[in-house]
Amino acid sequence: GGSCGQCKVHVKSGGGDILPTELGHISKGEAREGCRLSCQVNVKTNMEIELEDEIFGVKKWECTVISNDNKATFIKELKLQIPDGDSVPFRAGGYIQIEAPAHHVKYADYDIPAEYRGDWDHFGFFKLESKVDEETIRAYSMANYPEEEGIIMLNVRIASPPPRDLSLPCGKMSSYIFSLNAGDKVTISGPFGEFFAKDTDNEMVFVGGGAGMAPMRSHIFDQLKRLHTSRKMSFWYGARSKREMFYVEDFDGLAAENENFDWHVALSDPQPEDNWEGKTGFIHNVLYESYLRDHEAPEDCEY
């Protein structure tokens, strides 16, 4: 507990002193106003607390897996169907929590396309197993945007142990998610979130890499397809090689349709077969060197 910082509440009375485990997520100003992490507050006497209105809109759904496809070597796009007649009233940039039961998963049973299996074999991942004897809950940002109704779409990277020590435990939730197939049932709850766009006219700069694509896609699609914003927007995405790039056609299409939007990719480890002539290196460095360094007012952008 105390690691994600997502369970903030305002304690009006009771609850004792704030704990060291909370201080990494709560500023001094927030602490003075009674902000606490609910998972760290021991209830020993009567307390008075204040919750955000959004908390009361949280629900639980049993969803059906529509598809669970690799979008990159170690990233799957999990698409879930919400029960008929229902919807998740989320905002772009929000997230859900997904539940995994106790399970024993063998990586050898995963459905990994041929184009990606070489790396899985190389690192010895097909020898791995994940054994979990208790329910697990984890949070994932949604990759879809609100007008993509009736579904939840997640980008999930497998949390394998480092290749140099495969004896370390596998990621409990990602190992479970990679084992899911069309038709399987999955329980989620939500919506949650604080990573929402501000309603201003300021320029928007989106930066992400790997499975960090999810909230970027949600925000950018929402701004351009639902809100039809005229705000200047750019998306800077980092990947290892061309094989690790995904949603390329989607973003190319958005850039062609919206003159206020452009997107850029930098590869940190382009392969010879990529014939890559674009930007290389880590995306945050590329963003600074090729754009923000000469930007007239980078402090006015929203990131």
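Backbone N, Cα and C define each Cβ position, glycine as well.
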| query | Same [2Fe-2S] cluster site as Cys4, Cys7 according to Swiss-Prot: which of Cys39, Cys63? | reply | Cys39
| message | Please list, in sequence order, the residues in the chain of Cys7 ([2Fe-2S] cluster binding site) that are at least six apart in sequence and whose C-beta is under 8 Å away from its C-beta. | response | Leu37, Ser38, Cys39
| said: On the three-state reduction of DSSP, what should I expect for Cys7 ([2Fe-2S] cluster binding site)? | reply: coil
| Using an 8 Å cut-off from the Cβ centroid of Cys4, Cys7, Cys39, can you name the remaining same-chain residues around the [2Fe-2S] cluster site, in sequence order? | Gly1, Gly2, Ser3, Gly5, Gln6, Leu37, Ser38, Gln40
| remark: Min neighbour Cβ count (10 Å) across binding-site residues Cys4, Cys39 flags Cys4
| What residues in the same chain, six or more past the boundaries of the domain '2Fe-2S ferredoxin-type' (1-45), come closer than 8 Å to it by Cβ-Cβ distance? | 51, 139, 192, 194
